[in-house]
Amino acid sequence: MSGEHIVLVGFMGTGKSTVGALLASRLGRPFVDTDRLVEETAGMSVSDIFERYGEAEFRRRESEALVRALAGEPAVVATGGGAVLSEANRRAMTGAGFVVALVADPEVLTARLGRGAGRPLLSGDVRERVFRLLEERRHAYDFADLRVDTSHLSPEQVARKILEVFWSRKGENRP
Ligand code: S3P
């Protein structure tokens with residue numbers, strides 16, 4: 001870890017946004033969600049961007065949003081599940097902070113994702129899409145500094161685990 005941000009990566013439904021918001025409030029830091037940043041900048045939803053301009057254009061905007069988020073003051077940054085697919089994005093994340101991968105069992109993810117609303121890559125059979133994408137991305141989250149399985153933990157428990165490791169790495173002993 002060379003920077004100051006806490007960066008959350010992980011598949012859709014692993015809890016990045018919920019845990020990220022909690023971490024940010026515990027740390028008194030801003031919370032930045034790159035999907036929301038892309039949406040605010042574009043003035044349209046992620047689904048609309050995929051539909052109108054395609055996935056490649058979404059990825060370009062996502063990388064731009066990530067760079068912007070990492071250039072800001074120390075924050076908790078939640079990324080979209082596919083942000084890790086770009087080598088440049090991975091390098092930017094590891095260079096700018098403590099990268100935490102949230103993971104979860106495929107069945108738990110399928111249940112959490114419901115009908116996949118607002119997630120264009122899940123359109124059709126959500127369970128089939130989840131299993132296929134997880135297989136394609138099997139090692140995509142391995143570069144993180146820490147991995148936390150959120151399958152059977154509450155967001156509070158996940159946040160606590162992350163903070164323990166974050167503070168111990170910084171040599172600080174906080175409650
Ligand atoms: C994607 C995940 C989504 C969003 C987009 C693509 C992915 O973010 O960026 O739909 O490729 O895994 P969440 O992980 O926040 O759902």
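Indices start at 1 and increase along the chain as displayed.
Backbone N, Cα and C define each Cβ position, glycine as well.
Listed in TrEMBL:
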type	residues	note
BINDING	G13, T14, G15, K16, S17, T18, R119	ATP binding site
BINDING	S17	Mg(2+) binding site
BINDING	D35, R59, G81, R137	substrate binding site
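Under 6 Å, Cβ to nearest atom of ligand 1: this is the test, and of the binding-site residues T14, D35, G81, R137 it is passed by D35, G81. DSSP assigns G81 (substrate binding site) to coil in the three-state reduction, outside any helix or strand.
Looking at the residues that bind ATP per the record, G13, T14, G15, K16, S17, T18, R119, the two CA atoms farthest apart are separated by 16 Å.
For the binding-site residues K16, R119, the largest tally of other C-beta atoms within 10 A is found at K16. DSSP assigns R59 (substrate binding site) to a helical segment in the three-state reduction. Among the binding-site residues D35, R59, G81, R137, the ones whose Cα is located within 10 Å of the Cα of G13 (ATP binding site) are G81. A sphere of 10 angstroms centred on the C-beta of R59 (substrate binding site) encloses 16 other C-beta atoms. Those residues of the chain, other than G13, T14, G15, K16, S17, T18, R119, with a C-beta within 8 angstroms of the mean position of the ATP site C-beta atoms are G10, M12, V19, A78, L102, R112. Listed binding-site residues near G81 (substrate binding site): T14, K16 (candidates T14, K16, S17, T18; Cα-Cα distance within 10 Å). Working note on the binding-site residues T14, S17: by count of other C-beta atoms within 10 Å of each C-beta, T14 ranks first. In sequence order, F11, G81, G82, V84, L85 make up the list of same-chain residues 6 or more apart from R137 (substrate binding site) whose Cβ falls under 8 Å from its Cβ.
Look at R137 (substrate binding site): DSSP puts it in coil. Around the Cβ of D35 (substrate binding site), 22 further Cβ atoms fall within 10 Å across all displayed protein chains.
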